[in-house]
Each structure stands twice: as C-alpha cells, then as structure tokens.
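So the structure is just underneath, and the comments pick up after that.
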Amino acid sequence: MKTYTSVIFWMRTIACLSIVLIHSITTTFIQSDNLGKGTLIRIVQLLLMFSTPLFVFISEFLLAKNYHTTIKQGFFKNKLIYLGIPYVFINIGISYFYFKPDSFKAFIGHLNDTMFHGAAVTYFIVIIMQFYLLHFFFAKYLVRWKPIPMVIGTTIFATLYWAFRQYVPPAHGDIVSMFWGREGWMLFLGWISYFVLGFYTGVYYETLMKNIKKYTTSIIIGTILAAGLLICNYVFGVSTWVESKRFDIPIYVTMVILMFFLFSSYIKYVPKFILFISNYSFCIYLLHYFFVNQLGMLREDSAIRNIVFTFIITLTVAVCLAYLLNLFKFGKYVVGGIGNIKHEKVYESYKLGKMD
C-alpha cells in the first residue's frame with residue numbers, strides 16, 4: 001500500500017485556486033472603473049499571494065522528501081521534457097493570443113519577453129528549475145547545517161532582497177537595471193527562503209510532523225501577526241503592491257506553509273475535489289491566463305459577482321481544455337501533464353492509516 005503525503009494535495013489545490021482567483025480579481029478591476037478601489041477585496045487578494053511561493057516550495061519539498069541530498073538518474077532530462085517543453089509552448093501561446101502582435105517582429109519581441117524576461121505567469125517554472133540546480137549542488141552541504149538558523153537567515157535575506165528592489169531607486173545601465181524589472185523576479189535570490197524551507201521540511205518531514213502539534217498556538221499566532229503586518233503595510237501605504245514580490249511576503253508565506261503542515265497533522269483526509277484539482281493544478285496554472293483576461297463583465301455594479309463568474313468559467317475551461325489535450329500523447333508536452341492519482345487509492349491509504 002502506497003503512502004501518500006496529504007498536505008501536498010491541499011497545497012497544490014489551494015495554491016492553484018488562489019492563482020486563478022487572484023487573476024480573476026485583477027481582471028475585474030481592470031475592466032471596470034465603476035467598482036471603486038475595493039480595498040477589502042484587494043486585501044483578500046493580497047492574503048492569497050502565498051500561492052506562487054507555495055507552488056515553488058512544493059517542488060523542493062518533494063525533491064528533498066523523496067531523495068534527501070541526492071537526485072535520481074535522468075531527473076533533469078525528465079524535468080526539461082515535462083516542464084521545459086510546456087514552458088516553451090505556453091509562452092508561444094501567450095505571446096500570440098494574449099499580446100496579439102500585429103507583426104512577426106512584434107511576436108518575436110513578446111516571445112523574448114515571456115521566455116527570458118519574466119513577462120508571463122510561466123516564470124515560476126524558471127524558479128523551480130533553479131531550485132533543482134540548487135538542490136543538486138548544495139543539498140549535501142545544507143544537510144550539515146542547523147535548519148532553524150538557515151530558515152531564519154534566508155527569510156531575512158529574501159525580505160531584504162524584495163525591500164531593496166522596492167525602495168532603492170533603479171541603477172542606470174541596461175543590464176544592472178534588469179534587477180529592478182521582471183528579470184529580478186526570475187532570480188532564485190528572492191525565493192531562496194522557500195527553497196531552504198522546502199529542503200529542511202522535506203528532509204526532516206517525519207520529525208516535523210511528530211513535533212509540530214506542540215507549536216500549534218505559536219504557529220497560529222505567528223500566522224495572524226504576519227497577515228496583520230501584511231494588511232497594515234498595505235492599508236497605511238508602506239507597500240501598496242498587491243503581488244508576491246513584497247518585502248513582507250517571505251515571513252507570511254513561511255507561516256502559511258507551517259499552517260498547512262499543522263493542519264495536516266490533525267487532518268489526513270483528502271476530499272475528491274481537492275485531489276481532482278491537485279491532479280490538474282499544473283495545467284490550470286499554465287492555461288488559465290489565456291481565458292481569465294478574455295471574459296467580459298457579468299455585472300458592472302458588482303465586483304463579487306464578476307470575480308466569481310470569471311473564476312468559475314476560467315477554472316472550468318482550463319480543466320476541460322487540459323483534459324481534451326491530454327487525450328492525445330502530445331498534450332502533456334503542450335499544456336502540462338495531468339496527475340493520475342486515484343481518490344480510491346488515497347482513501348484506502350487514509351482508512352488504513354497510511355497517510356503521512
């Protein structure tokens with residue numbers, strides 16, 4: 001009987017749905033000037049900004065949990081095929097269908113931006129690939145060091161990295177100035193805390209889950225305080241950016257991740273819907289951007305209704321298209337593969353107490 005890690009299904013699903021909801025909110029406010037600032041909705045959107053960091057965290061967590069300091073033979077070839085090829089195809093699609101270039105030269109320009117300058121949602125794949133390289137080169141050293149100081153240190157570093165980009169004026173020069181642009185998103189430096197947290201929670205997963213309940217109160221209070229800091233910084237104008245590249249996001253994401261593990265220590269059951277979305281999560285992440293910006297307004301006077309409408313339609317269309325394309329052998333190379341984990345197997349594992 002296979003042992004399943006229940007927290008991964010929850011993480012993938014919540015991160016995936018949050019991404020679609022974030023872009024549904026953004027689209028709604030872009031399309032209408034009659035909805036006002038929608039401060040409360042923007043705060044909700046801000047609180048969902050753990051989604052992309054959580055997605056990249058999962059990649060290192062699973063690698064460290066399954067292989068510790070090693071990488072299996074053929075790993076990079078596999079990832080280049082199943083992550084790299086969809087990365088190229090999706091960026092080609094976004095460059096044409098989203099940016100709607102009026103010439104081939106313009107298309108190449110947009111493709112260059114999406115492929116190498118972080119101009120599309122696919123940039124998270126570049127970060128994941130950097131995580132794999134970091135694991136390959138540094139895992140054998142990281143395992144010798146104490147986890148807590150490393151996690152705290154890299155969280156502080158990531159906080160300073162994003163603060164520097166936000167508050168220090170851009171330097172002159174084409175290459176140096178890229179650090180302040182979207183290219184700065186694609187560097188692992190701002191995401192390093194999620195890599196380190198993923199590594200140590202993966203390597204020491206059993207120890208973490210045995211002891212995490214002792215810190216229930218601390219984790220809950222820490223998450224509330226981190227969320228409160230995020231909200232206060234936004235409301236009082238310290239940082240009005242609504243994105244995951246804020247200086248106060250690393251500590252918030254760290255606490256959210258710990259909350260997921262805490263939740264999993266109490267609840268091992270995985271509902272069908274959670275597993276279903278988890279199986280489709282990579283495809284949804286890649287495909288949703290083609291549709292979320294193309295839908296019209298349902299009601300000019302209701303932000304909530306428009307957001308819900310856009311969210312449901314986008315999610316449904318992305319799942320259906322992923323399913324249809326994956327009926328063909330080439331589909332997984334174009335829009336990403338669909339997970340084949342069956343709920344019956346997961347439920348059986350749960351009933352037998354095999355969920356970790």
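Here the Cβ of each residue, glycine as well, is placed from N, Cα and C on the backbone.
The transmembrane segment feature in TrEMBL is assigned to 7-31, 43-64, 80-99, 119-138, 145-164, 184-205, 217-237, 249-266, 273-291, 303-325. Residues or ranges marked as domain 'Acyltransferase 3' by TrEMBL: 10-322.
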| field | Stretch among 217-237, 249-266, 273-291, 303-325 sharing the most Cβ pairs under 8 Å with the transmembrane segment (43-64) | value | 249-266
| message | Under 8 angstroms, Cβ to Cβ: which one of 80-99, 145-164, 273-291 has the largest number of such pairs with the transmembrane segment (249-266)? | response | 145-164
